[in-house]
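Here TrEMBL flags A:6-27, A:34-53, A:65-87, A:99-126, A:146-163, A:192-215, A:227-254, A:261-281 as transmembrane segment.
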Amino acid sequence: MSTIILLLITGLGLGALYFLVASGLSLIYGLMGVLNFAHGSFLTLGAFAGWELARRMDGSSWGTLIASLVLGMAVGAFVAAATEFLLIRRLYNRHIEQVLVTVGLALASVALFEGIWGTDAIYVTAPEWLSQTTEILGARVPNDRFLMIGAAVLVLLGIVAFLRYTRFGLIIRAGVENRSMVTALGIDVRKAFTVVFAIGGAAAGLGGVLASHYFGYVSPQLGGSLLIFAFIVTVIGGLGSLAGAAIASVVVAVLQQFANYFWGGTGDLMVVLLLAVVLLVRPTGILGKKA
Amino acid sequence: MTEIVTESILSVAGLSASIAGQQVVEDVSFEMLPVGVTALLGRNGVGKTSTLRAIMGLIERSGEVTIAGQRVDREPTHRIVQRGVGYVPEDREVFSSLTVAENLRLAERDSSPNRQLIHELFPDLTDRAGQLAGTLSGGQQQMVSLARALVNDNRVLLVDEPTKGLAPLIVMDVAKALERAAQTVPVLLVEQNLQVVRMLAEKAIVLEGGRVVYDGSAEELLSNEALTKELLGVA
Ligand SMILES: Nc1ncnc2c1ncn2[C@@H]1O[C@H](COP(=O)(O)OP(=O)(O)O)[C@@H](O)[C@H]1O
Ligand SMILES: [Mg+2]
């Protein structure tokens, strides 16, 4: 029983990280049809920014952790918005070129990060509490899981509220359904593109700082390794569906944990099998729109 | 009152447009009446919708489009609309996952939108403000689509087959709403229902194969049975 609780909560924590990356991927794809392969770079940069701040302050204090989370978000949002504004926007509706540019950016940024911070993993310090455990139904659960889950839930609620209650949110929801009709109502939908990139980048930057605490280190590869699973999650959840991304994040991460423990480390294999099954049975994903 | 209208509200000169490499509008030129309804007619597939979409900048186009004396053919769609163009597309294109109220709110460009007018024209929409537009009937969706254009004070309305697929009673509701709108803003109307055209339009432009083949009085066209049959395929 305690093993199951531990796997479940660890899976939820990992799922929270997947969601922080997948939410942005899904929103960006839903509105613009852009598969943003550079999204992992926003995460990595957020993680390094958080670490750079933490090492200049008292890394074990809560204030530092919160400041580094906020900085990670801000850096992610800024870099993502700049990427949209300077690169993606010029390739409006040219999907092949968009993929080439975002893939190129992802590769180039990893090289840049290696140039600045080196190729080795850098270990991070965190408040004591995060490395301690809490006993739940006999399972000793590492506390950092709760931080991940709490942050992802807040981000999910925040994005839902933004989409529901703001004018930009209204434009984004309408644009996901019929972009050209939004422009035919006199709205410059490109502003919404920048906003969506900024939101996705903020979630990824936050995810970067959290991931550095989950794994215990930052490295230039951090974003790329999470991005693969985030893309799988986005496809399983249904491209463009935020709720689908949330559900699929949890399903994929929990499956991964259980398969790793019970079926001899086959977690990644199971995830790929799940992806294959979903694509065969329901090609649009769990909550995706029919094409 | 003594001011003389020297330029037409919307004129098109040498307009061509293509979709996926295929030319669907060829060298179209016409001028709208500065008041009332100008009908844009022609059989299925002659390029009426494409002409409106080309004016709106929704498909690639070349040639001149002038709105209230200003060239707009190099502008993106949202700028053209901001000049005071209301567009009611073929097949309504309401946002089905948004509520009726959200569809209207999204469309509001003016600081003082004509909510009262919308309420008078389409009281049904007020009752259904919280309903998802995708769950409305075809007629109700058309009301939403019209309301999105009428909620702003426009210089011109482009309306594409607003009565398509509607029950006869609803067709008359839509026609009356258009008649009322046309009292304050000139309308370019694509319409297959000739009864509606007779009721509303003074001028008619007929397209065939992407080109203008008739440009003149609507009444003269429709009272000439042979010409109507030749150009529109119906009497
Ligand atoms: N999305 C499209 N892709 C390819 N061809 C199209 C498309 N839309 C319209 N066409 C073609 O363009 C021509 C004009 O269509 P349209 O402007 O819709 O005509 P109308 O509105 O007069 O019925 C038709 O031959 C039609 O087949
Ligand atoms: Mg048409």
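Here the Cβ of each residue, glycine as well, is placed from N, Cα and C on the backbone.
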What same-chain residues lie close to the transmembrane segment (A:146-163): Cβ under 8 Å, and 6 or more beyond its ends? 9, 12-17, 19-20, 23, 27, 69, 130, 134, 169, 172-173, 199, 203, 206, 210, 213-214, 242, 246, 249
By a Cβ-Cβ criterion of under 8 Å, what residues six or more beyond either terminus of the transmembrane segment (A:192-215) are in contact with it? 13-14, 16-17, 20-21, 23-25, 27-28, 31-32, 36, 39-40, 42-51, 65, 68-69, 71-81, 83-85, 88-89, 124, 126, 130, 144, 147-148, 151, 155, 159, 162, 168, 171-172, 175, 182, 222-223, 226
Please tell me whether the transmembrane segment (A:227-254) and the transmembrane segment (A:65-87) touch - that is, whether there are at least 3 C-beta pairs under 8 Å between them, with each pair 6 or more apart in sequence. no
Check the transmembrane segment (A:99-126) against the transmembrane segment (A:6-27) for contact, please; criterion is three or more CB pairs under 8 Å, pairs 6 or more apart in sequence. no
Positions on the same chain near the transmembrane segment (A:34-53), where near means CB under 8 A and six or more residues out: 20-21, 24-25, 28, 64, 67-69, 71-73, 75-76, 79-80, 83, 88, 95, 98-99, 102-103, 105-106, 109-110, 113, 116-117, 122, 124, 197, 200-201, 204-209, 211-212, 218, 220-227, 230-231
